[in-house]
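TrEMBL lists 44, 69, 142, 143, 169 with the feature S-adenosyl-L-methionine binding site.
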């Protein structure tokens with residue numbers, strides 16, 4: 001929310017889900033680190049968006065997106081603004097998170113109006129833990145139970161025969177290796193044509209990685225699946241062994257170097273980045289991985 005308010009990228013919808021913090025940052029985070037984090041989010045948003053739009057272009061939007069652990073993500077509204085909505089867009093998160101998001105949507109016309117505009121057919125269904133329109137659905141479910149997930153998605157008109165993109169940003173790392181393996185296997189075995197994008201930590205066995213883990217543990221935040229984040233190879237391998245045909249992974253420093261350099265110069269001018277070494281270390285400890293399964297040679 002802070003990065004958007006400064007101008008790193010545009011997201012007119014985030015303000016309706018996340019209040020602007022009165023304090024710019026937590027006291028233990030110095031200014032340099034805050035700038036590093038904002039630039040890191042910038043690379044994440046643009047890197048993931050690049051892959052999503054490539055999938056939409058390949059399928060000519062004749063596809064569906066399943067955003068796993070979506071939280072307060074605003075991608076549906078941003079894609080609608082760009083006329084890039086898939087046939088159906090699904091979000092999944094814990095019922096408590098879903099209830100909060102639905103409350104915000106119901107009470108804020110800039111969020112509810114685009115859903116109504118894209119809706120056709122019968123009346124829109126909405127209750128405390130789910131929302132279902134013809135183009136957008138929010139489902140309250142536990143990703144650790146693939147059978148529950150599939151059942152609830154199918155109730156909201158999931159079409160397993162449509163090309164399907166699954167997006168997971170900092171989600172799988174909070175599941176045990178077996179739980180995330182089950183989820184990845186379910187997706188690979190369910191959809192004949194599919195792609196998965198995973199954004200999370202990498203290179204977590206070095207000193208910097210250990211410090212990251214210790215900092216999170218002090219906040220009672222344990223990464224149950226961190227052992228799979230040891231390297232880019234381990235990230236690729238977990239996708240391949242769970243039924244995906246092709247997989248790639250690159251760290252966020254590499255992503256940052258691929259982004260349009262004119263825009264990179266623009267965001268670097270927003271705030272002085274005086275801790276370049278910290279920035280590079282941070283970016284080398286996150287990655288984007290993507291894998292595909294393609295029976296129709298899309």
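In case you wondered, yes, glycine gets a Cβ from its N, Cα and C as well.
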### Query
Any idea of the Cα spread of the S-adenosyl-L-methionine site, 44, 69, 142, 143, 169, as a max distance in Å?
25
### Query
Sorted by position, what residues of the same chain at least six away from residue 142 (S-adenosyl-L-methionine binding site) have a C-beta under 8 A from it?
94, 148, 149
### Query
Which Cβ among the binding-site residues (69, 143) has the fewest C-beta neighbours inside 10 Å?
69
### Task
Let me know how many other Cβ atoms fall within 10 Å of the Cβ of residue 169 (S-adenosyl-L-methionine binding site).
19
### Message
Among all protein chains shown, how many Cβ atoms are found within 10 Å of the Cβ of residue 44 (S-adenosyl-L-methionine binding site), not counting that one?
### Response
19
